[in-house]
Structures are given as C-alpha cells and as structure tokens.
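Following: one structure in structure tokens, then a few remarks.
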Amino acid sequence: MYAAVEHGPVLCSDSNILCLSWKGRVPKSEKEKPVCRRRYYEEGWLATGNGRGVVGVTFTSSHCRRDRNTPQRINFNLRGHNSEVVLVRWNEPYQKLATCDADGGIFVWIQYEGRWSVELVNDRGAQVSDFTWSHDGTQALISYRDGFVLVGSVSGQRHWSSEINLESQITCGIWTPDDQQVLFGTADGQVIVMDCHGRMLAHVLLHESDGILSMSWNYPAFLVEDSSESDTDSDDYSPPQDGPAAYPIPVQNIKPLLTVSFTSGDISLMNNYDDLSPTVIRSGLKEVVAQWCTQGDLLAVAGMERQTQLGDLPNGPLLKSAMVKFYNVRGEHIFTLDTLVQRPIVSICWGHRDSRLLMASGPALYVVRVEHRVCSLQLLCRQAVASALREDKDVSKLALPPRLCSYLSTAFIPTIKPPIPDPNNMRDFVSYPSAGNERLHCTMKRTEDDPEVGGPCYTLYLEYLGGLVPILKGRRISKLRPEFVIMDPRTDSKSDEIYGNSLISSMLDSCNCSDSSDVELSDDWAAKKSPKISRASKSPKLPRINIEARKSPKLSRAAQEMSRSPRLPMRKPSIGSPSLTRREFPFEDITQHNYLAQVTSNIWGTKFKIVGLAAFLPTNLGAVIYKTSLLHLQPRQMTIYLPEVRKISMDYVNLPVFNPNVFSEDEDDLPVVLSHVPS
C-alpha cells in the first residue's frame, strides 16, 4: 500500500478541531433506494467539532473532474453549543448528525430544504464519554463518565437506562455487529457487557495497569443496502484517478475483530471480549487514535513518537512528530506515514470509500490519500513531481505531453471544498467570482472601535471548517450616514503581514496551548487575531476621495455632497477624535491608502451604492435599495443590482445588466428591472 499527505495549503480553523466524522453524499432521488457506494461515495460531507462550540459541515470530493457540479452551499457552521464540541457522529441511514459538547449537551441535527436545524436536545448535566449509533441507525447508545448509560431511539424515545457503579470512569461504548449487545470500556482496563435490554451479562478485566481509550470493530459502521448496480451504469461515472485501486475490494468471510486501544499505546485484536489469546500490536506511539477502514482490512493508528525513540541533536533535542501506522487484520505492520505535524493527532476518520484518511491536529486538518494495493510506478512519479512543484499552475511549465500534465494536475485537486483562500492571491479571491456555482457564506464582526483610526472597523470572515477566515476589512467613514471604505487586501509589501502567511501562523499560534484553553477564549478573540492595518500604513490624515476623476455616474450630485457630509475622516493633531473637515486629493494617490471600494448611502440609509476605487475594478460595482412600507404593513423588500465582474475584461460600465442610475438620493420610487428579494 501507499499513503501520502495531500498537496496544497494547510487547512485550518480558528480553534482546535477536536473530532471528525464523515458520511457519503447520496442524491435525493436515490435516498429511498439501495446505494451504489462506489459511485456516490466520491462525494460526501465532513463534520468537525471545535473548541469554540461550533460544528462545521463541509463538502468533500475525491473525484478529479473539475467540471463536476457541487452543491450551492458547501460549508455550514452550526452554532448552538455553549462549550467545546467533543463528539460528532453521523447517522447515515437517517441522514442525521449527533453532536456532544463538554458540558453534556447533545444535539441531533437534521437538514431540510438546504438548512440545518436542531431536531432533538438532551442535556443531563454530566460529561458524555461516547455516543454511538447502532448499525441500522435506529438506536443511539450514550455513555456518561459517571457510569450512567442510556439507549434511545433515533426519534428521541428512551428505551432503557442504567446506572453502573464503578470506581473508575466509563471511557467508551460500542454496539456489537448484530446490535444485540453493548460493550463499555473503563479507565481501569475493564469491559462491561450488557444486552440490548439493559441486563448485565459480563464483567471482564482486560488489563490491570492500562486504561481503555477506545473500542471498535473492523465492521462497517452502518448496514446500508448496497445495490448491485455496476459502477459504469451511470453517465456520471469516471474511472478512479488515484490509481487502479481507488476503491478497495471488500474483505469477504472475515469474522469481525474487536479492537481495544489502551493508554500505553498497545492495541489488542480480539475475536470477542472474552478472547484469552488476543493479537497485541505494540505501536510504540502515545496518545494513539485508531480506526478501521470501512472494508475492515486496514487499521490506521495515529499517535506521537515516544521520547525514548528520539535522540538528542547537537543543537538540542529532536522535535517529536506525529505518524500514522497501518496494520492488517493479523496485526502485521504494513506501512508508516511520517508527518511534519508537531502536535498530537486527536481524531481520524476514513472517507470516500477508504481512499482518504482525514486527521485533525490542533486547528489544522490533514487529508491523506491512501492506495490499498501495490502502488504503481506512475503514481509514485506523480507524487515525486508534485512534491517538487509548488502550485498547480507550475504543471503547465513542464515539457510533458498533455495527457501526463492532466494526470499530474490531479494531485493538486483538493478533497476539501472549498479550499482555503490563498493568502498571496487574496485580492482576486475577493474581487472576482469563483469558477463554480457555489455560494460562500460569511460572517461580519466589529473588530475595532478606536477614534484615532477614524471610526469603527469591521472584518468580513469566510466560514470554513467550523471557523472563520478573515478576507476583508472595512471602516466606517461617516457619523451621519452608513458609509464605509473597504481595504485592499493586496496593495503593497506590507500586505503579507496582514493577509499573508501570518494568516495561517496566527491560527496555529493562537491554538498553541492545551486543549482546554479554547474554552476560556472570549468572543473578542477573533477580533484580536484578525488582520489589522499596521500603524505605519495608516495615514494621519484621510481626506475625501475625489470620485469625479473616475467619471462615476451622478458626478454633479457627488460633487455637491462633498461639502455637506463627511466621508473620510481625518485626525486632528491635538485631539484624538476624528475630524469632520473634508479635503480632496487626486485620484492617483488612492493606492497609498489601500482602498478597494467605497460604500455610499443616502441620509435615510435606504439606498446604497458601491463604488470601485482600485484601478482594476469598474467604477460601478453595484447598488442596494431597501424599501419599507408605512407602519410595516407590507413585507420589507431589498433589491440588489450587481454587474458581472470578470478579470478578462475591463469594459464593465456599459453592461446592460446593470444600470448605475438606480441609485439616487431621492426617495421617489424607481422602476425596478430585477426581482425583489424579500429580507
């Protein structure tokens, strides 16, 4: 076999990712039919739980066809937990998601009409040690650290509960493959067996000195009926791009193995809980996390190198790094993946028909491409060449046939959609639409309120993997009107300090602490870590921009307003508050202020106009009209006018789809050529 970390930028959230869970994406038309996993499991959804109490649901894809359509919304940030989310579990037969937080709160989410909502809530007030769905998805097993266990239905009805009196804590709980028994592991190495009705069956001591971390079976998590439909029966079928064995052959006639992970790093493979001669795997790792692939023929064990294996260098001790070891059903070591991760891997999960292994370490998420059979020479060459290249665009510079270039470029196609914005190309990311039809959902926060900088500042964050990635920053420039200027994320050399590599490093440094430190972070943390304009780039005087040089529509109106309302405040030398005096300067000097666009408004705040200030953007970027009726007798209406901005052409002003004259200071009704969007 062969495994390698996927090429591309580091995927990270704004807080520690604590748990992972993946499920395949099945089209709506096929949900009531048997599932052809080999075809539909090329796409799926990854659920993540982080230290800020947010659950992320992100679209993933393993096929290498760039023209494949994606869902309109490919990322959801689900909020509702009051503490860090420690468990996420998909229920694939019923398409539900269960999440648990550190305070004991349990939410069951369901998606309807493209939106996620909470269907069930359970809060017992005690910490949850494990949550497991039965293999048919109809029942849920909940185990608490204080010894209380509960089994309920998928609809929220309680079947039975029991209080287990133990001197130690329950660390995990699982179902047997036939869903007729439940097993609980404890911190002192014991396994407690109960039947599906809550009767005690057995109490077995597996290890006297080691506690049990987790238990699992090399058995599919859910028994979804698989159709006999051939992979090539659909028009959407495309041959696997990761080699001949992107989809492994199922293991037939193998008795399920009970896998028990201990705190010492050892792993026992047992035929049953009472097996007297188990196969013991000495992983040599600490803080291990183990999980079988869906086919049950490959066990991934992730952990940190032990200190006894490391030597001392002349300049100091060698840094520990995380690694992933793969074993077969006989406990034989097959492959070791060395990583550069310096933090423990807290969670792993398989996805996309076992062709991907996803790992969470701190705020970062890593995707490992796994080849189950003997790796081909072509795949090894592709990995070697891709490692030497930095970006996908460098592939075209190689003197290779087009077919090989196309095959080589598949190494750079990311599994996580959408990929994190490139800090070195942030300007194009915020200025031009993406190639696909996906919608990027953002969150805006007020990040600064300092009179010395001219007014309150706001940062626009892209929702990504349950976290927020800063992409734009703006500042209010008027006390009387809701008017703003938007900063250019890429104008000079100092932009690297604002949106460059520090975007990733700040996320990593902010989480360079214990796992429990994220609970103490306040809501202002994102504001402190958000990119801010350095003091050196702030001019002490911010005069009024003369838009007349750009020949913007309504020039005479704008010129008349220059002497009435403040737009860009300037700071007085003696007083720290912004001044209301306006000055003008030539438009050629706009680049030194790092402005991308300006949002102007009428005095009532019902009509807004977006004016491009950068040389590579058109003058008219859009307009927004907000209409309300007297006494709110009719629904509020918002009409948005947006021209199509493309990088390939600069002739935007005369586009027929956008009429710049729709913006007016008058409150008279204007003819509307586009449909109203009720707010």
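For all residues, glycine too, the Cβ spot is worked out from N, Cα and C.
In TrEMBL, annotation is done automatically, which means it is predicted and not curated.
Listed in TrEMBL:
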REPEAT    78-109  repeat 'WD'
REGION    226-245  region 'Disordered'
COMPBIAS  226-236  compositional bias 'Acidic residues'
DOMAIN    376-414  domain 'SOCS box'
REGION    549-575  region 'Disordered'
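Over the repeat 'WD' (78-109) the predicted model carries a mean pLDDT of 95. In terms of DSSP secondary structure, the domain 'SOCS box' (376-414) contains 29 helix, 0 strand, 10 coil. Counting residue by residue with DSSP, the repeat 'WD' (78-109) contains 0 helix, 20 strand, 12 coil.
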